[in-house]
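Colleague: Structure provided below as C-alpha cells; questions to follow.
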Amino acid sequence: MHDTLLLFGATGDLSQRYLFPSLVHLWRDRLLPAGFRIVAVGRQELSDDEFRAWLREHMAGEVADDPALVEDLLSKIAYVSVDLRDETSIAAALSKYADGPSVSYLATPPDLFVHCANGLKAAGLLEGESRLVLEKPIGRDLASAREINAALRACLDESRIFRIDHYLGKAAVQNLLALRLGNTLLEAVWEHRWIESVDILVAETAGVDGREGYYAGYGALRDMVQNHMLQLLALIAMEPPSVLDADSIRDEKRKVLRALRPMSRDDVAARTVRGRYDAGVVEGRAVKGFVHESTVETFVAVETYIDNWRWAGVPFRLVTGKRLAERATEVVVSFRPTSHWLFERPRRGRERPNRLRMRLQPDETIELGLMGSLAAPEWGAMELKPMSLDLSMSGSPQRRIAYERLLVDALRGNQTLFVRDDEVEAAWQWIDSIEGAWSQTEQPALDYPAGSWGPAEAERFLPPTNGYKSGGGSA
Ligand code: BG6
C-alpha cells in the first residue's frame, strides 16, 4: 500500500465533504499505512496551520466525534499552494515528494487534469509504481474525453490511472452485482425472453446548491447519466465476466456501453424528456427554482435499448433529477407475463407482472413482487393478488462513505471499481448522440415544480412502482 497521498483541490467541496472525512474514518479503523502522509494541494495561499484550522472548521462533525483522532490525522498533512494551471510551478513545488511511490488524486475540474498530470510528471511523481486518481467528469463530450485520456497516457500507463465513479464504491451497488451474479434464480431469467423492461431511477431532493458554475456547463445528462447511471446500467446488463478481475469486468461493461442504441433526431422527442426545476416545496421547505442564463436541464428521462442478443427489444428507462419529491435510487426489473393464464380473477392482462425492485438509497431493500392467493378458495373461485417478498438490509453493518473504499483501493492498486478510458469514451459517445439530437431539434427543458416527480411529460418513464406521478408530487 502506498503511503503518500497528494490531494489536488484540497480546499474544494468534495475534499471537505467526503475525502477528508473518509480519510479520518480510514485512519480510525487502521486501514491506512503507519507512515501515511497527505500533501494537500490547492490554489489558496495558506500555511500548514491555516489549512489545518480551515479543515477543523469544515469537519466540525468529525471533530465533535473524536477530536484526538482528527488532530492525529491533521498532523500528517502538509499544505502546498500552487497555481494548478502552471505546470512548471507544480513540478517545482512538489518534486521533493517524489521520494517513493505515491498516489495523486485530482479532485479538480477536468480542465485542470492535463496541467496537473504534466506538472506531476515533470516532478517525477508519476514514475514507477505511482498512480493517478481522477474525479469525474472526464471531459464534457467524447472529443474532450479523448484529449484528456490521450494526454494522461503520455504521462503514465492506463494500469496506473484510476478514474473515480463514486457509485462503484457504494456497498449497495456492489450488492447489485452480487445479487445478479450469485443467484441461479436470476441467472436463468436475466434476458429479453423473460424481462420486459428495466428502470433505473436516481432521484435527489437536493438542488444545484452552490455548484451553479459547474452545473450550468453540464446539466443532468452529463452530470449523472454519463457516469453513475450508465455504470449501473452496465452492471445490470453486462455478460458475466469469467473472473472478477478489473479488466474482465471492464471489458464486459464496455461492450454494453458500445451496444447502446444511439439517439436519433427522429426518436429524441418521444424517447427523452428534459426538465428544469422551478420554485416549490421539498421535504416541507420552500425552495427556489434553478435560475441561470444557461439552458441546462436538472431532470432527464431517457428510454434506450441495448442492441445485442441478450437485451434485444427490452427498454431501459433512466430517470434522474434534482429537487424531486424524494431521495431514491432504485433499479426495477419487470418480468414478462406468464405464458398461459389460468385464473378468472383477475382476468388475463389485469395481473401484475413479477417485479424485482432493488432499492439502493437511502435505505437498502430488495422486493420481489409475486402473484398469489394466500386465502384458501373456500367460496369456489380463486382470486390472485399481488404480494411482495421483502428483504430489508437495514441490519447490515454501518455503511461507509463510498470514497473510503475507493481511496483504499487506489492506495492498494486495485482498479476493479474504477472506470477505464474506453468505457468513459463509449459512454460519452452515446451521451453525445442525445446532446446532438437535442440541439438539432431544440428540445426545451420543461419546468417542473420542486418537490414533484418532474415534468408531467415524463410520467411514462418513471418506474412502475410506488405510484410515482410527475408534475405534482408523489401519489
Ligand atoms: C455527483 C453529482 O457525482 O453525484 C451530483 O455531481 C450528485 O450532482 C451526486 O448530487 C449524487 O451522489 P449521491 O452519492 O448523493 O447519490
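Cβ coordinates are placed from backbone N, Cα and C, and glycine is handled just like the others.
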Colleague: Say TrEMBL lists Asp83, Leu84, Lys136 as binding NADP(+): which of Arg37, Arg43, Arg52, Arg180 is in the same site, per that record?
Modeller: Arg43
Colleague: If you check TrEMBL, which stretch out of 395-421, 449-475 is marked region 'Disordered'?
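Modeller: The listed stretch tagged region 'Disordered' in TrEMBL is 449-475.
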Colleague: Given TrEMBL annotates His166, Lys170, Asp223, Lys322 as substrate-binding, which of Glu147, Glu191, Glu204 belongs to that site as well?
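Modeller: Site partner of His166, Lys170, Asp223, Lys322 for substrate, according to TrEMBL: Glu204.
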Colleague: Starting from the Cα of His166 (substrate binding site), work out which of the recorded positions (Arg43, Asp83, Leu84, Lys136, His228) are within 10 Å.
Modeller: Lys136, His228
Colleague: Under 6 Å from ligand 1 by Cβ, which binding-site residues from Arg43, Asp83, Lys170, Asp223?
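Modeller: Once distances to ligand 1 are taken from each Cβ, Asp223 fall under 6 Å.
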Colleague: Mean pLDDT for the domain 'Glucose-6-phosphate dehydrogenase C-terminal' (177-462), as a whole number?
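Modeller: Over the domain 'Glucose-6-phosphate dehydrogenase C-terminal' (177-462), the predicted model scores a mean pLDDT of 93.
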Colleague: Measuring CB to CB from Asp223 (substrate binding site), give everything in the same chain under 8 Å that is also at least six residues away in sequence.
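Modeller: Same-chain residues close to Asp223 (substrate binding site) (Cβ under 8 Å, separated by 6 or more) are Pro137, Tyr215.
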Colleague: Grab the substrate binding residues from the record (His166, Lys170, Glu204, Asp223, Lys322) and give me their largest CA-CA distance in Å.
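Modeller: Output for substrate binders His166, Lys170, Glu204, Asp223, Lys322: max Cα distance 20 Å.
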Colleague: Quick one: Cα separation, Lys322 (substrate binding site) versus Asp83 (NADP(+) binding site), in Å?
Modeller: 33
